[in-house]
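Everything on this sheet refers to the single structure shown next.
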Amino acid sequence: MSVGATTSAPLSPASDTSMVTSAFSLVDYVVFILLLVLSLAIGLYHACRGWGRHTVGRLLMADRQMGCFPVALSLLATFQSAVAILGVPSEIYRFGTQYWFLGCSYFLGLLIPAHIFIPVFYRLHLTSAYEYLELRFNKIVRVCGTVTFIFQMVIYMGVVLYVPSLALNAVTGFDPWLSVLTLGIVCTLYTALGGLKAVIWTDVFQTLIMILGQLTVIIVGSAKVGGFGHVWDVASQHGYISGIELDPDPFVRHTFWTLAIGGIFMMLSLFGVNQAQVQRYLSSRTEKAAILSCYAVFPCQQLVLCISCLIGLVMFAYYKEYPISIQQSQAAPDQFVLYFVMDLLKGLPGLPGLFVACIFSGCLSTISSAFNSLATVTMEDLIRPWYPQLSEGRAIMISRLLAFGYGLLCLGMAYISSQLGPVLQAAISIFGMVGGPLLGLFCLGIFFPCANPPGAIVGLLAGLIMAFWIGIGNIMTNMGSGTAPSPFNGSSFSLPSNLTTTYMNTLMPSTTRSRPAGLQRLYSLSYLWYSAHNSTTVIVVGLIVSLLTGRMRGRTLNPRTRQVCSYPLCRVRKAFYSTVPTPASMGTWGWSTY
């Protein structure tokens, strides 16, 4: 089945069943509160352990002594937020299993960071990924990269905190601002006091809760409809098990090529150059441990994707046998899963609380990583360079204050998100618009020795302008027509792959529009190609400007900022250029560095 051809959600005829509301038992509340208490306890334990002997390295980098297993689970949890838990099953429920092919992008999307980005960053002994930009280019490029990242994450934090709380309120009756405040305060405390080690170990705990909560839904749901074999048969009979859609059109929202190839660039922008992930690599004991942690994420990511997709199939089969309420048939897609879970698990004390804990675990793991990474880049990129003589004690105090400050800012951004209304789509889109240009900036430095600082700055600006032009153009076009992006035309969003679906579904109608033409066609580029398009723009413009401004003449290129490949093809190329006479300009291009 082609996802692009599916135009409506598979809702059964609405019944008069009343809305499923949360009838949380005492056991449910205990399970939910235990999550918050244990998360806070883990953070406070690491804060109190060795109190008085903490250093900035311990607070921001966990003394670079973390093992492979906790780092891998923390990498997984960082962007496996509540919106992924709610959004991916909703995508499968509405459009079938085409989205499942995103797993094809995980292999190269994690293999490339493991063998290209991690060795460069680790051997430079960085704390902030944006230190690399100063070593490769200059301080101005570093500040530009840092400010771009801060802007990206601040926008992201408020949305990822507020949207799930709002969805939870609509279905369970939880007060959204009580949820926001609880999450914000708990997360700020253990992140600011315990530092990166607390964040990583709470991520491990929260990842296990997320997986346990989702597996519970799959087991109970498939048992109620006659087993998982029956679930698969029902989905097959209704055309919801998708084949490989080989349409190369980049304007079709989901095809095999879009998911497998476009998804690689999306994964690279997350696992290759995002500070929240790079910081975890750099906290590993050794470079080998960092690479192994990246390898370990691959099966974990596949498992999480499979679990989310199976929930969508179980939900589809369930509502083919049981009536759906009027309220659920009219609900936003990001509420489908919550309605389903509350309906499915009612009468089973403790299990609704476990799933709510699963959702909150996703929120906690994501925003704690954001707080920690923002505090790190602000300290290392914007404060330390100007105050190099800062004492250790004062640096620790400032780092903790930064984490607290970003926690308060997150709460403020959540309030702003609640007031945005239709403009919320633009705020959500910004996260993905920025990821691609940052990927292009790092690739420009690592792979192209001729790239110089003017080329890097102009390239980054060109990538951001292109991203915002297409993204905002898409949003304005849809607002002007009074509709949201249709499944056929795709979305302007380019959030991390496992975060995208909920936001798209929330703003996507179940009807199709005619195929756009001209400039409108460009605005309908599939969101999964955004990272590829924008990073390529940075590289192309950056190289052109570098050539026009004299390449690296007069500047010394630090050889450690380049990835020198040891694979057979690279050795062949090295041998070739060592025997064939080359123009002097080729040395400037950097062939001799191989």
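Backbone N, Cα and C define each Cβ position, glycine as well.
TrEMBL annotations: computationally assigned, not manually curated.
Summarising the annotation, TrEMBL assigns transmembrane segment to 20-45 (among others).
The transmembrane segment annotation in TrEMBL covers 66-87 (among others). When Cβ-Cβ distances below 8 Å are used as the criterion, the transmembrane segment (66-87) is approached by residues 160, 163-164, 167, 197, 199-201, 203-204, 206-208, 210, 214, 270-271, 276-277, 280-281, 283-285, 289-290, 292-294, 296-297, 300-301, 304, 308, 333-335, 337-338, 358-360, 362-363, 365-366, 369, 496, 498-505 of the same chain, each at least six residues removed from its ends.
Under the heading transmembrane segment, TrEMBL lists 99-122 (among others). Cβ atoms under 8 Å from those of the transmembrane segment (99-122) belong to residues 3, 88, 91-92, 129, 132, 242, 244, 254, 256, 259-264, 266-268, 271-273, 278, 281-282, 284, 287, 290-291, 294-295, 297-298, 301-302, 305-306, 309, 442, 446, 497, 501, 560-563 of the same chain, restricted to positions at least 6 beyond its ends.
Feature annotation from TrEMBL assigns transmembrane segment to 143-164 (among others). Panel annotation: around the transmembrane segment (143-164), residues 81-83, 86, 128, 130, 133, 176, 179-180, 183-184, 274-276, 334, 359, 362-363, 366-367, 370-371, 373-374, 377-378, 381-382, 406, 409-418, 424, 427-428, 430-431, 434-435, 437-438, 441, 457, 460, 464, 495, 499, 502-503, 506 of the same chain, lying at least six beyond its termini, place a Cβ under 8 Å from a Cβ of the stretch.
Residues annotated as transmembrane segment in TrEMBL: 176-196 (among others).
Residues or ranges marked as transmembrane segment by TrEMBL: 208-231 (among others).
The transmembrane segment annotation in TrEMBL covers 251-273 (among others).
Summarising the annotation, TrEMBL assigns transmembrane segment to 294-319 (among others). For the transmembrane segment (294-319), the residues of the chain that approach it from at least six positions outside its boundaries are 10-12, 68-69, 72-73, 75-76, 80, 84-85, 88-93, 97, 99-100, 102-103, 106-107, 110, 113-114, 118, 210-211, 214-215, 217-218, 221-222, 224-225, 228, 230-232, 234-235, 238, 240, 271, 281, 336-337, 340, 344, 498, judged by C-beta separation under 8 angstroms.
Per TrEMBL, the feature transmembrane segment maps to 354-377 (among others). With a threshold of 8 Å between CB atoms, the same-chain residues lying at least 6 positions outside the transmembrane segment (354-377) that come near it are 28, 31-32, 34-36, 39, 60, 74, 77-86, 127-130, 146, 149-150, 153-154, 156-157, 160-161, 164-165, 168, 172, 174, 179, 183-184, 186-188, 190-192, 195-196, 199, 202-203, 205-207, 209-210, 212-214, 216-217, 274-276, 279, 341, 345, 399, 402-403, 406-407, 410.
The transmembrane segment annotation in TrEMBL covers 398-417 (among others).
What TrEMBL lists as transmembrane segment is 455-476 (among others).
The transmembrane segment annotation in TrEMBL covers 527-550 (among others).
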Practice problem: Residue list, the transmembrane segment (20-45) vs rest of chain: Cβ under 8 Å, 6 or more residues beyond ends. | Solution: 171-174, 182, 186, 189-191, 193-194, 198-199, 201-202, 205-206, 209, 325, 327-328, 339, 342-343, 346, 349-354, 356-357, 360-361, 364
Self-check item: Most Cβ pairs under 8 Å with the transmembrane segment (176-196), selected from 208-231, 251-273, 398-417, 527-550
Solution: 398-417
Quiz item: Which bits of the chain, at least 6 residues beyond where the transmembrane segment (527-550) starts or stops, bring a Cβ under 8 A of a Cβ in it?
Solution: 250, 253-254, 258-259, 261-266, 268-269, 432-433, 435-437, 439-441, 443-444, 448, 450-452, 454-456, 458-460, 462-464, 466-467, 470-471, 490-494, 497, 500, 504
